[in-house]
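To keep things clear, I will list the structure first and then write my remarks on it.
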Amino acid sequence: MARKDTNKQYSLRKLKTGTASVAVAVAVLGAGFANQTEVKAAEKKVEAKVEVAENNVSSVARREKELYDQIADLTDKNGEYLERIGELEERQKNLEKLEHQSQVAADKHYQEQAKKHQEYKQEQEERQKNQEQLERKYQREVEKRYQEQLQKQQQLETEKQISEASRKSLSRDLEASREAKKKVEADLAALTAEHQKLKEEKQISDASRQGLSRDLEASREAKKKVEADLAALTAEHQKLKEEKQISDASRQGLSRDLEASREAKKKVEADLAEANSKLQALEKLNKELEEGKKLSEKEKAELQARLEAEAKALKEQLAKQAEELAKLKGNQTPNAKVAPQANRSRSAMTQQKRTLPSTGETANPFFTAAAATVMVSAGMLALKRKEEN
């Protein structure tokens, strides 16, 4: 900055010197022509030249000032460049110093890594020894578990045979029940009854209608119980499926257990479907009895005969079934403790006794003698009311 001020002062001094020279020249010219009046025109020319000279001096002074300004700027830039060069040299020194430090650190790191590698190698050798010991121990454990699973598999085979025998027995009972139902339906179409009995059972019919509603409600509750048992069996089926993945060695035995669980689930679903169909049949028959007042006298007599015959046949057939089921339960009691879990759940569900609120019976809650009696009584009551009206 001081250098720039000095250059500006130098330029002003030169400008003043040039201006003074021009002034002297003008004075000389003016003195030469002062006494010559005839040369006024020439004096004007000189003045014009002086003016031109002054303008030229001003231009030169401005150009000189611009040049000095440029020189000052270049000098400043040169100083900046010198400073940057100094900074770069300092950075170069720092980089060389850092490079040396990095080399020292790299050598130290290499030595540390070599030491760690040696330690790691020793540790791997020790780990290899431990691994061999663990493998021998694992082999012994696998052999032991295999023997245990083999024993469990044999036990499951025995339980499966017992369960299969129980399932076949229940299937025979179910088939016998279905045959009995078909026989009742065939006998119902052929039997006849008396119309006068409707008047004698009027009071029974009044109470029986309410009993029918309670029996229907009990049937619905039984349906819910079957659905709950189905859900429990489904959960148990899922549990058996998850336990199947515990050991590859016991895969075959667990697969058989899973298949047995699926069969039990299908059986429960079939029982539920049958219960639903019977419940719908009861509701349909009840609805037909409600609409019985629209029948003719002949149709009323036929319907009354059918209902009474059905009630009688059902009572006899279901009494026989109750005796057979009691005998079957007595024969199956010693094997109850060894049955597998899936069949135990199904047996408990099928053997569970239920008491109807109207009669206190413990027979099949979906199609009982009491329910048939109620339906017959309700039909008779509807016919009698039609006659009285």
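Cβ atoms are placed via backbone N, Cα and C, with glycine included.
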When you get a sec, could you say which of 6-10, 36-40, 296-300, 356-360 is annotated motif 'LPXTG sorting signal' by Swiss-Prot? 356-360
With helix taken as DSSP H, G or I, strand as E or B and everything else coil, how many residues of the repeat 'C 1' (154-188) land in each class? 35 helix, 0 strand, 0 coil
